[in-house]
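Everything below concerns the one structure shown next.
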């Protein structure tokens with residue numbers, strides 16, 4: 001649902017066919033919600049039908065595939081970190097809350113009655129690890145950038161780097177490279 005809202009907001013503010021047209025974007029939102037409700041109902045009916053016939057692989061697949069896709073969702077952020085050599089556009093507060101949520105869910109798995117859901121625990125711990133790596137890279141790469149600026153400027157610079165300042169500095173460097 002939240003993903004659909006974000007998608008429709010992008011249409012409303014950025015897409016030339018939908019800009020500031022509440023009626024069109026409203027219809028798109030309703031169509032997306034109806035489509036996903038139909039898909040989810042179909043999946044639930046299919047999984048129930050398979051469970052009645054003692055076929056467990058649809059239930060397993062419906063758990064594994066979203067987890068794998070969620071982990072793959074980190075790849076673009078790591079690619080941007082590698083490409084820019086800086087962590088930009090990330091809210092540390094959001095990452096911290098995200099990690100706390102994953103940690104509490106993983107902890108709750110320990111209090112569930114046996115059998116222990118190892119695949120869920122692996123997913124939550126991998127998500128915690130990937131979030132933690134981004135936070136560590138944020139601190140480390142910003143420290144390196146501050147040192148580099150100190151060496152280049154031969155004097156003190158502003159130690160409070162925001163994501164916007166990092167993006168502006170990067171754009172200036174790219175423009176200088178293109179002109180030079």
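Cβ coordinates are placed from backbone N, Cα and C, and glycine is handled just like the others.
What TrEMBL annotates here:
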type	residues	note
TRANSMEM	27-49	transmembrane segment
TRANSMEM	61-79	transmembrane segment
TRANSMEM	86-111	transmembrane segment
TRANSMEM	123-144	transmembrane segment
Next on the checklist: With contact taken as 3 or more Cβ pairs under 8 angstroms (pairs 6 or more apart in sequence), are the transmembrane segment (86-111) and the transmembrane segment (27-49) in contact?
Outcome noted: no
Checklist entry - Do any residues of this chain, six or more beyond the ends of the transmembrane segment (27-49), have a C-beta under 8 angstroms from a C-beta of it, and if so which? => result 1, 4-5, 7-8, 11, 18, 58-59, 62
